[in-house]
Amino acid sequence: MTRPQTLAALQAWLRRGLGEAGVYDPAADARVLLAGLLDLSPTALLTQGDRPVGDEEFARVVDALERRRAREPVHRILGRREFYGLTLALSPETLEPRPDTEILVDRMLPHVQRIAETKGHVRILDLGTGTGAILLALLAECPQATGVGVDAATGALRTAQANAEANGLVARFRVVESDWFSAVHGCFDIIVSNPPYIRTDVVAGLEREVRDFDPALALDGGPDGLEAYRRIATGASSYLEPDGIIGVEIGYDQHQSVSKLFDAEGFRLIEAARDYGGNDRVLVFVAKAS
């Protein structure tokens, strides 16, 4: 193999290798990987095509190509992902945050800001926090907010704590190892969650990028995909302020079933939002007495 000597040649080489491996969008993956691996801006990729490529840089790209051939996702290879303007580290114990989850932040942020303006502060509970993405995004947008990120995976909590530190939010962010509400104390103005919602019998058929690299704990929602929502709906009233708000991400076909679970526990649906593909993705609830 003749080693590519310039950035333009390296990008073409990587794009070709990814295409031969059957990657869905080899050009996009090549751009993201090179920018991340070589610490280059998108503009630099376009304008510095004659930039020489060193042996160590090429070795990093070769390793990334082999990992992507094995269907490891691009952002797993880089070890980080952008979410709502924050750079978040990933780990094997965390779900990789997706753009659709930003919709949950969009829908909850006005409620967070309204409560903060009314009360002077707002407390947020993030159930199944993973990287901390949802809670950290809300804290970054609302200086009066504090929050607790809950997860059953110790490794996920370490990652979330590191992300809080890296993004300058650690003073308003705390982690608790807990099976949903089991180790949670106190009441909160806002509860948010992107829980596991994929049916157990569907998990094995997911694309390899998800099935083999996202943790099963963050994917498997039980036989009907609703196990986590039952736990949240039945426990929330003990941890939510009387005028509090609950926001959850859902699967594309779960609008009715999740709404019924919360309705049965005394909550009223006040908002529903679709994702960028037009699928149901976010539900927002308040207590019926509110």
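Backbone N, Cα and C define each Cβ position, glycine as well.
The domain 'Release factor glutamine methyltransferase N-terminal' feature in TrEMBL is assigned to 10-79. If you look up TrEMBL, you'll see 120-198 marked as domain 'Methyltransferase small'. For GLY128, THR129, GLY130, THR131, GLY132, ASP151, TRP180, ASN194, the entry in TrEMBL reads S-adenosyl-L-methionine binding site. The annotation substrate binding site is assigned in TrEMBL to ASN194, PRO195, PRO196, TYR197.
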Nonlocal neighbours by CB distance (under 8 Å) for GLY128 (S-adenosyl-L-methionine binding site), same chain, sequence gap 6 or more: VAL150, ASP151, ALA152, TRP180, SER193, ASN194, PRO195, PRO196, ALA218, ALA228
Message: Using DSSP, what is the helix/strand/coil residue split across the domain 'Release factor glutamine methyltransferase N-terminal' (10-79)?
response: 50 helix, 1 strand, 19 coil
Message: I need the CA-to-CA distance for GLY132 (S-adenosyl-L-methionine binding site) versus TYR197 (substrate binding site), whole Å please.
response: 18
- prompt: What same-chain residues, at least 6 away in sequence, bring their CB to under 8 Å of the CB of THR129 (S-adenosyl-L-methionine binding site)?
  reply: LEU135, GLY149, VAL150, ASP151, ALA156, LEU157, ALA160, VAL175
Message: So if I measure Cβ to Cβ from THR131 (S-adenosyl-L-methionine binding site) and keep only same-chain residues at least 6 apart in sequence, which ones fall under 8 Å?
response: ARG81, PHE83, LEU88, ALA89, LEU90, SER91, THR94, LEU95, PRO97, ALA156, THR159, ALA160, ASN163
- prompt: If you measure every Cα to Cα pair among GLY128, THR129, GLY130, THR131, GLY132, ASP151, TRP180, ASN194, the residues listed for S-adenosyl-L-methionine, what is the largest value in Å?
  reply: 16
Field: Chain-internal residues near GLY130 (S-adenosyl-L-methionine binding site), provided their CB is under 8 angstroms and they sit 6+ positions away
entry: THR94, LEU95, PRO97, ASP151, ALA156, THR159, ALA160, ASN194, ALA218
Field: Additional residues around substrate, ordered along the sequence, whose Cβ is within 8 Å of the centroid of ASN194, PRO195, PRO196, TYR197
entry: GLY128, SER193, ILE198, ALA218, GLY221, ALA228, TYR229, VAL248, GLU249
Task: For TYR197 (substrate binding site), write down the residues of its own chain that are at least 6 apart in sequence and whose Cβ falls under 8 Å from its Cβ; none is a fine answer.
output: GLY221, GLY225, LEU226, ALA228, TYR229, GLU249, ILE250, GLY251, GLN254
